[in-house]
Amino acid sequence: MVDIEVIAVGGYNEVGRNMTAVRVGKEIVIFDIGLYLDPITGSNNVDMENMHSLDLIQMGAIPDDTVMNSVEGTVKAIVCTHGHLDHIGAIQKLAHRYNCPIISTPYTNELIKQQIEGERKFSVMNKTFALKAGGKYTISQSLTLEFIRVQHSIIDSVMAVLHTPVGCVVYANDFKFDMTPVIGEAPDLARMREIGKQGVKVLIVESLNLDDRGYSPSEQVARLRVRDAIMRCEDDKNAVIVSTFASQIARIKTITECAREIDRIPVLLGRSMERYNTTAEVLKQVAFPQGTSIYGNRKTTDRMLRRVLKEGKDKFLLVATGHQGEPGSMLSRIALNETPLKIEKGDKILFSANIIPTPTNYAQRAEVDRLLIRQGARIFDGLHVTGHAYYQEHYDLLAMLNPEHIIPSHGPFSMKAGHVTLGSEFGYALNKEIHIMQNGDRLVLPK
Ligand SMILES: [Zn+2]
């Protein structure tokens, strides 16, 4: 009988640079090859496109996959569950070392292709393959991949199931169970129950929000919060700028629809706004209201902002990058007076995002807030819900899948420890069925 080994390559000490390898006998499947942005945003003049992977590994920005050199077997596939950078952002730096296809959902696949096209240092020849949620892909005679529909803070997210001769390996990183999503359908819980009946050898599962009780709020809750804030701007003559995650397509759909409700023209501003939203539109995964426009580069965004000044701030609703205070983002440039748009007393800045908890983000965002407030802006926070499952969703997942082993992933020890409490409710014990791993650790599962 074949043995299963799990190799924790990245994302087991931090919230970022996710990468897990699973060896089944002599065949290996890699799940995610992500980026950890903090070491990059924290240092000056990082030209990532031209950097060598070993330098990026040394910085701690991408997974240290040198551990793979000592794993005996052939990598048969790279699988990505969704399009966030901490899951796909280092593919262009590491995938060329493995002679195998990259498999992901259609939206994620487009984003991966764009990353590979933008790479300057390495030529990445791996084939990319789009597999829809609900679909299956034969990796080899003994391995089949299946994608199951879940929700997250980006469209087209899935849970990956690897069918092996000795049971399923389930990779649930990242997910939430949103029964009333704004885009797409509810999670395919029926299929998860079936997989549980077939037998799950190991569940590799994210750990971000285990400290939160109950269920994570639906994206419909964010929609209500955003709509409430925007409807209050109906008779406002001031600028209304909403900042949210450029890849949160469902949220941007909400914001643009609310803008139309108060007769403002929605305008998306910033490079990543253009990239993620145009890609979603082209793939017909979202339809924004008529009249919505998107501008990416500095020249076109500045031209648009001159038009806003000329025709009236009250005619438009701007959706801008920069909720983490990122240098060079639209909101940072507006705060620094580097665009034609001047902030005046009473202009509203709505944040439909949380601050991703890293020291760099806290510092940069505080600076942007300070600059905006000094110019008279009114700041509105918290128009947001998370994309990560809370404690009771994790409970439901365990009840459905009934895995033999649990490996918490995606976070430092303090976050992963929540799975020990949860697991104990089902009789799982630490180091027996629950395994807390660190980057670089390898674990052969007991048969
Ligand atoms: Zn994610």
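Glycine is no exception: its Cβ is also placed from the backbone N, Cα and C atoms.
Just so it is clear, the model here is predicted, and its values are computed rather than measured.
The Zn(2+) 2 site in TrEMBL is built from ASP86, HIS87, HIS410 plus one of ASP3, ASP156, ASP174, ASP178, namely ASP174. Per TrEMBL, the Zn(2+) 1 site holds HIS82, HIS84, ASP174; the candidate it also names there, chosen from HIS96, HIS152, HIS163, is HIS152. Among the binding-site residues HIS84, ASP174, HIS410, the residues whose Cβ sits under 6 Å from any atom of ligand 1 are HIS84, ASP174.
Residue environment of HIS87 (Zn(2+) 2 binding site) contains 30 other Cβ atoms, counted within 10 Å of its Cβ in all protein chains. Rounded to the nearest whole angstrom, the C-alpha distance between ASP174 (Zn(2+) 1 binding site) and HIS410 (Zn(2+) 2 binding site) is 8. Around HIS82 (Zn(2+) 1 binding site), a 10 Å sphere centred on its CB holds 26 further CB atoms from the protein chains shown. A separation of roughly 14 Å, to the nearest angstrom, links the Cα atoms of ASP86 (Zn(2+) 2 binding site) and HIS152 (Zn(2+) 1 binding site).
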